[in-house]
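Heads up: the structure comes next, in structure tokens.
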Amino acid sequence: MKWMIGFFFHDMAFGLLSVFLPLYIFFISGSLIWIGIMSAMAMFLSIPSSFLWGNLCDKIRRYKIFVLISFLFSSIFLYFFTLTNQVIILVILYVIMVGIFDIAYGPSKNILIAELYPYEEWKKTYAFYEGFTNTGFIIGLFSGFLALSYGFSSKFILLICSGFLFLAFLTSIFLVEDPILIIERRRFVIERTADFICKGFMILSKIISGGSEVGKLKRENMMAFLFGITFFFLSTTMLFTLMPIFINNMAEAIGLHQVLFT
């Protein structure tokens, strides 16, 4: 499980960034439109990028390198954030960072879980991974709350985010290893194919024996699943992207605090 530590720091960085960046973009632009454009373009670009990184993973059979690329370039781009306060440049940097480079670790992470653990442990390992990294994200959220509450400068907060990602890069160099053999995914495909053929023979035997009930031979409805996931991410993105601004405006309205960026 130690290979997940880098992913923990990665989610800490993006937890902090998810609190800070919408407020920062709104502060320097004065408009919610730029936040919508930034988030929409990054999400749209991440779709072909995920296919690209996934195909590259399967083609070269190396996965650690894509994790390192994701963490290192995300750290570099966040450092670039500190060098400008022009909203257009910030939006472009964010779209490239999230839409191209940050997404690179996703396919590799899934394959590492599939190959480092036997098929029987996949569910437990995925559950542990999500719980572990989401804990990092929550810590990042809380860090963002503290940073904004104590009036840390925008440059300092961005450097913290960049530092977390660079720490994720360093730990992944030593803790993430490529699997020696690619076995478990092939075994899973073989088992699914054998099960599919077995069901076909059962239906064929019922037809030959004159059975009145003939079952349907079908695979899972992936389109329904994909549509469900799409609408889920659409709703959660719309909610949580603007949540920091909404809460900040409520707090200012009742005189609790005022967020200042310097």
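The chain as shown is numbered from 1 upward.
For all residues, glycine too, the Cβ spot is worked out from N, Cα and C.
What TrEMBL says about this protein:
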type	residues	note
DOMAIN	1-180	domain 'Major facilitator superfamily (MFS) profile'
TRANSMEM	7-27	transmembrane segment
TRANSMEM	33-53	transmembrane segment
TRANSMEM	65-81	transmembrane segment
TRANSMEM	87-105	transmembrane segment
TRANSMEM	126-150	transmembrane segment
TRANSMEM	156-176	transmembrane segment
TRANSMEM	224-247	transmembrane segment
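When each of 65-81, 87-105, 126-150, 156-176 is checked for Cβ pairs under 8 Å to the transmembrane segment (7-27), 126-150 comes out on top. Model confidence over the domain 'Major facilitator superfamily (MFS) profile' (1-180) is summarised by a mean pLDDT of 90.
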